[in-house]
Amino acid sequence: FSHEATTAPRIPSTRLALHHFDTSYSLHLGALWPSVRAGLLCEPKYGALLNNFAAADHVPRELELLNATDFVSEAPQKVQQWQQGAAAGEAARACQEGSGEGRTMTQAETSPLLCASVSSKIKCYTFPRGDITRFRPARPDALGLLDYYLMDAASLLPVLALNVQPDEFVLDLCAAPGGKTLALLQTGFCGHLAANDISVSRTKRLYQILHSYVPKEVRDTVSVTSYDGRDWDQVKGGTFHKVLVDVPCTTDRHSAMEEDNNIFHKRRTKERQMLPMLQLQLLMAGILAARPGGEVVYCTCSLSPLQNHCVVERALDIAEAQFDISVHVEDLSHFRMLFQDTFSFFSDCRLGELVLPHLTANFGPMYFCKLRRM
């Protein structure tokens, strides 16, 4: 053999990632996989998270003229219209059938609950399905605060699911690079926000975002730390009303598209195989950091069941068996109804919700599951 033959050419990490996805996701997603795969390989779609701290009253008007809408405030309005239509139909049927007794509660009667479960202070503009207009870069206001933050709009769903209430203590366990941290602050409700990330270099990016978007008096309510999130319960156990656990994952979109910093690189095989274990440890730390009655949202930007509902199921078992903590999975199926016009949801998720990339609505992937520590 010649020397050349002994070293196989390096297969690009993106190719390895796609091969891996083709093998596992075609099983998990079945007939949906080709469409999801096409979405992963195309330019992602963004949302513009409005910065409530900036003097940028003109921005909504500017975005609306471009045909963008705030998907957060728009959702309950659509649901109400849809429900009024359904209720009218229901009433007409009841008249035809005589008495309306013994009927089940219609959606119209549960609608205030649906609307209340979405924080109205967060505003995120997106272009309609199929519209691939790009947003202009963010601009500073008179005081130098940027007017909006461009992010995958699906990343807001875990923050909306957390549903922060006034003066709550909130922990963002894996906070860098900072988009979700910024969204948590946009609720205006964090009494105190602990933003932690194990990576010191990544917390630098988090500081940058806080400085570019948040005034000093609000920054002072945020403590940025660089602990290993797995040890968080030893630092401050059982103190938070709300905990966001946005774990490191296979970042499927990045892995399919970008060579640099790709977890499918041959050198990172062990690290990749250990991800579900790391995710489980982080979720356990998040559960232990929540006070009784507190809520935890676990999320990833992966389609992998092993990183998504499997991690949640293991955590529920361990919480019960090792810590005698009962954890309840909260139903988020109303998110599917609220946001069906903006995102493409996977309807067969065993636990939690999953946004699938789709060519007409190319957000995600984004898995999120809400837990309550009893």
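Just so it is clear, glycine is given a Cβ too, placed from its N, Cα and C backbone atoms.
Taken verbatim from TrEMBL:
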DOMAIN    67-374  domain 'SAM-dependent MTase RsmB/NOP-type'
BINDING   C174, A175, A176, P177, G178, G179, K180, D197, D228, D246  S-adenosyl-L-methionine binding site
ACT_SITE  C301  active site, nucleophile
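All features noted in TrEMBL, drawn onto the structure.
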residue : record                               : Cβ within 10 Å
C174    : S-adenosyl-L-methionine binding site : 21
A176    : S-adenosyl-L-methionine binding site : 25
G178    : S-adenosyl-L-methionine binding site : 26
K180    : S-adenosyl-L-methionine binding site : 24
D228    : S-adenosyl-L-methionine binding site : 14
C301    : active site, nucleophile             : 23
As a test of reading the model: what is the averaged pLDDT for the domain 'SAM-dependent MTase RsmB/NOP-type' (67-374)?
91
Could you tell me the C-alpha distance between C301 (active site, nucleophile) and K180 (S-adenosyl-L-methionine binding site) in angstrom, no decimals?
13
In Å, how large is the greatest distance between any two Cα atoms among C174, A175, A176, P177, G178, G179, K180, D197, D228, D246, the listed binders of S-adenosyl-L-methionine?
20
